[in-house]
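What TrEMBL annotates here:
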BINDING   GLY30, LEU31, THR32, GLY33, SER34, GLY35, LYS36, THR37, GLY76, ASN133, HIS134, GLN135, ASP136  GTP binding site
BINDING   THR37, THR54  Mg(2+) binding site
Amino acid sequence: NDGIHNQCFRALCCKGPPPARPEYDLVCIGLTGSGKTSLLSKLCSESPDNVVSTTGFSIKAVPFQNAILNIKELGGADNIRKYWSRYYQGSQGVIFVLDSASSEDDLETARNELHSALQHPQLCTLPFLILANHQDKPAARSVQEVKKYFELEPLARGKRWILQPCSLDDMEALKDSFSQLINLLEEKDHEAVRM
């Protein structure tokens with residue numbers, strides 16, 4: 001097995017640049033006000049103070065220790081949501097942000113949007129990171145409540161999804177959620193190689 005031998009040998013004898021981190025293209029969806037832009041800005045260490053709600057879409061490269069996530073964030077307003085699927089092409093994973101403290105109506109809308117995304121032919125096989133945002137608000141629903149309300153168990157069975165609580169106050173937890181997503185993306189990569 002020469003390949004492995006050479007790699008080890010090379011690694012020992014000359015310190016080259018660190019291996020490139022894998023890059024993954026993700027799409028980030030959720031209703032307006034769910035906090036997508038603020039969360040992503042904070043992950044990029046930008047100040048969330050001057051965050052403007054995304055109207056069309058924006059792309060951010062978010063660096064993590066073991067990967068770079070190119071996140072295409074789609075605006076969540078009513079008139080934009082119907083175009084979301086135009087931007088799904090090429091995605092390797094999905095981040096769905098919901099406001100866990102929102103009104104019943106908004107939660108209902110978010111649930112419908114999440115269900116259509118989970119069933120969308122371009123997304124249905126991809127790993128999903130579902131973030132129950134605004135956990136720091138008094139009205140926030142717990143992850144258990146969200147899971148039940150969104151009927152994730154029956155709907156997303158057999159899919160790879162992570163449902164995590166989050167808020168801007170707790171960056172550690174948010175980064176941890178993304179690490180879990182990166183693990184799912186890496187697994188998916190290995191599977192593709194095995195096929």
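Using N, Cα and C of the backbone, Cβ positions are placed for all residues, glycine too.
Spread of the GTP binding residues is 21 Å (greatest Cα-Cα distance among GLY30, LEU31, THR32, GLY33, SER34, GLY35, LYS36, THR37, GLY76, ASN133, HIS134, GLN135, ASP136).
For THR32 (GTP binding site), applying a Cβ distance below 8 Å and a minimum sequence separation of six or more within one chain yields SER53, GLY75, GLY76, ALA77.
You'll find the Cα of GLY30 (GTP binding site) roughly 11 Å from the Cα of THR54 (Mg(2+) binding site). Least crowded of the binding-site residues (SER34, THR37, THR54), judged by neighbouring Cβ atoms within 10 Å of its own Cβ: THR54.
Note: ASP136 (GTP binding site) has non-local neighbours SER167, LEU168, ASP169, ASP170, i.e. same-chain residues 6+ apart with C-beta under 8 A of its own C-beta. In this structure the alpha carbons, written CA, of HIS134 (GTP binding site) and THR37 (Mg(2+) binding site) are 13 Å apart. Ranking the binding-site residues LYS36, HIS134 by C-beta neighbours within 10 Å puts LYS36 at the top.
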